[in-house]
Amino acid sequence: MSRVALVTGGSRGIGAAISIALKAAGYKVAASYAGNDDAAKPFKAETGIAVYKWDVSSYEACVEGIAKVEADLGPIDVLVNNAGITKDAMFHKMTPDQWNAVINTNLTGLFNMTHPVWSGMRDRSFGRIVNISSINGQKGQMGQANYSAAKAGDLGFTKALAQEGAAKGITVNAICPGYIGTEMVRAIPEKVLNERIIPQIPVGRLGEPDEIARIVVFLASDEAGFITGSTISANGGQFFV
C-alpha cells in the first residue's frame, strides 16, 4: 500500500515541487493551501494531486483538514510543514499584527499540523516529518525579525520532537533553503539578483525547487531512518553553521 504524504503550502513554489516529487516517488499526496485558489485549481488539474484549503495558523482548521485528508487517502505517514508567510518590516516599524501573523503561521503552524498526526504515527511506529525552515532562521535577516524568529523556532521544534519520536520510528528533520528560484524570487529585478543576491552565493546561481524536493523525498524514505533531528542547509554555500 502506498504511503500518504501531506504537504502544507503544497500547491505553489517549493511546496508544489515537493508534492510533485513525492507523487512521482509513489506516495499518495495531499497538498494544503490557505487562500490562493487561482494557483491551487490549475495545480490540481495539471498534477492530479488532491488539494485541501485551510489555514495552518488555526489548530481547529488543521484538525478538521487532516481528518478530511485521512478520510480520503488514509493515515498520514509523511508530513511536510512547508506553509509560510512573510510580513517584512524594520523592527521599529513592525506592528504586533505583523509579528503575530508570521509567528502563528510559520511556527505555531508546525504545532497545529504535527500534533493531530503525532498519535497515529506513534501507534503505527512510523512517521516522517520534514520542516521547511530557512537560511534566515540560521543567520537572521534585517527586516525579518518575525520571520527569522519563527524559522529559528522551527529548528528547535525539530530537535526536541526528534528526541520524542525516535523510539517510535518517527524521524523529524528540517531543511533550510537559501535563495531558491521560485516565482516570488524570480520576480526580483534582474539587476538586484545579478548584482546583489547571486554574488552572495558561492555556487553562483539560485537553487531550484526540485533540489529541495529531492531532499524531502530522501528524508521521507525508509533509507533515511537513521537521520533525525538534523538540519540540512541547502543554500549554495551562502551560509555555514
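Yeah, the Cβs are placed from backbone N, Cα and C, and that goes for glycine too.
When D88, D97, D210, D222 are compared with the substrate site residues Q141, M142, G143, Q144, G178, Y179 in Swiss-Prot, the one appearing in that site is D88. Comparing the Cα of I85 (NADP(+) binding site) with the Cα of every entry in Q141, M142, Y147, G178, these being the recorded positions, the smallest distance points to Y147. Cα of P177 (NADP(+) binding site) to Cα of Y147 (active site, proton acceptor): a distance of 14 Å. When the alpha carbons of A83 (NADP(+) binding site) and Y147 (active site, proton acceptor) are compared, the span between them is 12 angstrom. Neighbour counts of Cβ atoms within 10 Å were taken for the binding-site residues M142, G143, Y179; the minimum is at M142.
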